[in-house]
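Student: Just passing along the structure, written as structure tokens.
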């Protein structure tokens, strides 16, 4: 029975990790789409070396 609890616990931890990870990933967004992309994150759009960077407001 303890194996079942361990498997459920591991599944829950993996679920939380998968939920958090995409937020920390840098997305390749062109400068044209940058303002629209950053507005969904409530951040200010900025272009660095032709890459979109969202700065916290």
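Including glycine, each Cβ sits where the backbone N, Cα and C put it.
Copied straight from Swiss-Prot:
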SIGNAL    1-28  signal peptide
DISULFID  31-47  disulfide bond
DISULFID  34-52  disulfide bond
DISULFID  38-54  disulfide bond
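How buried are these features, and what lies next to them?
Tutor: Counting every protein chain shown, the Cβ of residue 47 (disulfide bond) has 14 other Cβ atoms within 10 Å.
When Cβ atoms from all protein chains are considered, those within 10 Å of residue 52 (disulfide bond) total 21, not counting its own.
Listed in sequence order, 34, 37, 38, 41, 43, 44, 45, 46 are the same-chain residues six or more apart from residue 54 (disulfide bond) with CB atoms under 8 A from its CB. In the three-state DSSP assignment, the secondary structure recorded for residue 54 (disulfide bond) is strand.
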Student: Using the structure shown, find which entry in 31, 34, 38 (the disulfide-bonded residues) has the sparsest Cβ neighbourhood within 10 Å.
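Tutor: Least crowded of the disulfide-bonded residues 31, 34, 38, by Cβ count within 10 Å, is 31.
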